[in-house]
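This report concerns only the one structure given below.
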Amino acid sequence: MPRIENDIKLDFKDVLLRPKRSTLKSRSEVDLMHSFTFRNSKGSYRGIPIIAANMDTVGTFEMASALHQFSLFTAIHKHYCVDDWKEFASKHPECLQVSSIFSVAVSSGTSDGDFEKLGAILAAVPQIQYICVDVANGYSEHFVNFVKDVRQKFPTHTITAGNVVTGEMVEELILAGADIIKVGIGPGSVCTTRKKTGVGYPQLSAVIECADAAHGLGGHIISDGGCTCPGDVSKAFGAGADFVMLGGMLAGHSESGGEIIEKNGKKYKLFYGMSSDTAMKKHAGGVAEYRASEGKTVEVPYKGPVEATVRDVLGGVRSTCTYVGAAKLKELSRRTTFIRVTQQLNTVFGNDN
């Protein structure tokens, strides 16, 4: 029998952060670096916990090299081959040095071929310490068993698994061997899962509930999707996310995948969801007759190097911390009180200003 949960679930746009008394004199005093030790791998991490999404128009080797300069992380998309990884490791060893800030993960699907390819990449580039096991629907028994298999074969690697949006599935995946759970179904800028399937969960509430479940077991979560501006990144951290993954905000840059398109004197780059027609035609030979596309393709105005966007995001998060009195990023969730709102922005000159 169908059930209705009457509690209203919230997205980033439904809330603002309440300012609080602060002793900070400047944004420059805020420390965004964060350290974690992971439950199952026993591995450690130190860096600014913002991650470029493992989409082939975002999670590129070029993006990883650029973000490494800012101590950010990149989940490399799964369509690079073994030779591509070997070349990257040769050209950019700094991104793979455990003694410095390790900043990349290898991504994998859940087929037998994906498992074999994952093993081949990790054998060829043993410096890799992070694995991102990624599917759109993390609720299947097959997915849980795949995570168990990856943990058994790679006992000391840190495993990210997702996507899910509820606490009980977060707990199951952590107990299956995952260290970090990717949270988000449908909030992405080029994701149409909610439209095509009617399935999803407002991202702010998903992060709050999943963080509580993960932290109770000593696990961690990534808020994946739904961020449209630096303020949303801060809200995700405030809600309890250990990491925040960005796709659309990092699309359209020099380091993003794809060619530059020129139309009427303006430059664009293609950005598309990994379940879109574009992605499936590129990587799977087309959309299988039993499924529907759950992503869209957009032309993003070309933004040039990603550096300016990164500085804008980091500056926004630092400013958030000064408003709520958090001297370190790791203090932000403890200093966060959300207030529900009906409007966030003055729209006299449009919603983007």
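Going from the start of the chain as shown, residues are counted 1 onward.
Each Cβ is built from the backbone N, Cα and C atoms, and glycine gets one as well.
In TrEMBL, annotation is done automatically, which means it is predicted and not curated.
Per TrEMBL, these features apply:
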{"type": "DOMAIN", "residues": "10-343", "note": "domain 'IMP dehydrogenase/GMP reductase'"}
{"type": "BINDING", "residues": "26-27, K78, 134-136, 185-186, M274, 290-291, 319-322", "note": "NADP(+) binding site"}
{"type": "BINDING", "residues": "G186, G188, C191, R194", "note": "K(+) binding site"}
{"type": "ACT_SITE", "residues": "C191", "note": "active site, thioimidate intermediate"}
{"type": "ACT_SITE", "residues": "T193", "note": "active site, proton donor/acceptor"}
{"type": "BINDING", "residues": "D224, G225, G226, G247, G248, G273, M274, S275, R291, A292, S293, E294, G295", "note": "GMP binding site"}
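Residues near R194 (K(+) binding site) in space but far in sequence (CB under 8 A, at least 6 apart, same chain), listed by position: I185, G186, G200.
For the binding-site residues listed here (V135, I185, C191), the lowest count of other CB atoms within 10 A around the CB belongs to V135. The binding-site residues G186, G188, G226, G248 differ in how many other CB atoms lie within 10 Å of their CB, and the one with the most is G226. Spacing of V135 (NADP(+) binding site) relative to D224 (GMP binding site) is 12 Å (Cα to Cα, whole number). Across the structure, G226 (GMP binding site) and C191 (K(+) binding site) place their CA atoms 10 angstrom apart. Listed in sequence order, the recorded positions near G248 (GMP binding site) (C-alpha within 10 Å of its C-alpha) are G188, out of S26, K78, G188, T193, T320, T322. Within the set of recorded positions G188, C191, T193, the entry lying nearest in space to T322 (NADP(+) binding site) is G188 (CA atoms). Recorded residues T320 (NADP(+) binding site) and D224 (GMP binding site) have their alpha carbons 20 Å apart, per Cα-Cα distance. Taking the Cβ of the residue listed as 'active site, proton donor/acceptor' as centre and 10 Å as the limit, one finds 23 other Cβ atoms among all the protein chains shown.
The binding-site residues S26, T320, T322 differ in how many other CB atoms lie within 10 Å of their CB, and the one with the most is T320. Listed in sequence order, the residues of the same chain lying 6 or more apart from K78 (NADP(+) binding site) and placing their CB within less than 8 Å of its CB are N54, V106, S107, S108, G109, D114, D134.
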